[in-house]
């Protein structure tokens, strides 16, 4: 007889009766068998019929369809998550196309704005500046001893919505839901955290329902000392955890990443995850057009930490394809609200300084303006790729897109700002303005575009294609750090799964139904690169794949056996 795998073995638990029914990680609801109902003091606490998880999921799907607004659907799904996590993930995986935009972007933005209004039940950890001296006690209050992934935010720059205070907790909750749904990381291993350092959002401060610390945000040394206390407490409690920074303001995001990426296994998804999925998309789009990314000229609208992170990763990729660093940098043009970044521009942020163009090289440009606008840049650079990370709607105007198309027969246009209300241009407009010739990928989900009786699928440049696989790869390999090369390997693997590259048609990114397969492949590539980089113990390829399989959690009920506490 073959020995049982870990997933086939019974789970021994000490909880029973109503306490067990109130434990989301263990609750099965109507799926508890009659034997389990007897053994765990559940007789009479549930209806008579014993259901399968699929029968439960079908009922939940019918109930879900009864809600008319996206925010009501979000609230309903969160209620299931807080009641029965296994059922929640079975339901979400059964309807991922429909539900991913509801549990994460764009609907999670509204959920963050209304967090205190729709609050039902606590999930995760809320660490207030007022409680900074109790940091160790707070983390010891977390009942899960084997936390492997933490997503933390301070709520200051939530999507394109700005300061949402503790309402930003919706982002770590949603992000970790995707780690599980897409990357197979057990929900028992995940922990959402919000650092409550106050808020400068006057609307929240005036809201009688607001549940956070009613105080202006702490800044400077006080802020960084508080974050450091948190990091040190995390290292003490879970020294091998993967820590993801999420939706920190531009002024803090890069400094925190640079400060801690070599101290704790950590990364910033807004900077590195967005960069990795964007580069993967661009590699695939370039190959589909029969070329390489290094042959393309690229213009960015938005030169914050996310935009500059993408630009630096593009430069690294084009160097891998054979360009010198100088040549690679000359092909990338960054535009912010003050115009094109040049070496003559004052008050540049540290991460912007290497991405400037030399003003002396622009003397022959067709413009009379000292401030070089996006239109000026597009007209003179004649780019192949236009990327929007501005967080401002409508900035890719018809004039700009038509000017780009005039010089590029197959432009790649990527309005990546989210939520949907912040997108630089809609796919419908971009397709129309380029006579159906643009390849479009967006940051938020959009339906296929119908233009002149032809259907154009719109790929969502969704970080969920990257970060779950990175997380799984880190856990499976035991990586102690996340290196740039590990991120590049994730991008390259994502590009290999592009239907447009594989089949010559379809989306430039894989379909959501394939996301678990893609996450497993990315996990293997990331784990292998971690071993090559010396941040994980070397094993055979077979052993790494086995570790990935062993760590991949499925939304299925296990048999329970009773044990004492």
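The backbone N, Cα and C atoms fix where each Cβ goes, and this holds for glycine too.
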Annotated companion of 246, 247 at the divalent metal cation site, Swiss-Prot, chosen from 221, 228, 270: 270
Residue in 132, 157, 520, 558 which Swiss-Prot records at the NAD(+) site where 270, 418 also bind: 157
Spatial neighbours of residue 246 (divalent metal cation binding site), counting only the recorded positions 104, 157, 418 and Cα distances within 10 Å: 157
Helix, strand or coil at residue 157 (NAD(+) binding site) [DSSP, three-state]: coil
For residue 270 (NAD(+) binding site): intrachain residues, at least 6 apart, with Cβ closer than 8 Å: 245, 246, 247, 248, 253, 305, 306, 309
Pairwise Cα distance for residue 104 (active site, proton donor)/residue 157 (NAD(+) binding site) [Å, integer]: 16
Candidates 246, 247: member of the binding-site residues with the richest Cβ shell (10 Å): 246
C-alpha spacing of residue 175 (active site, proton acceptor) relative to residue 157 (NAD(+) binding site), in angstrom: 15
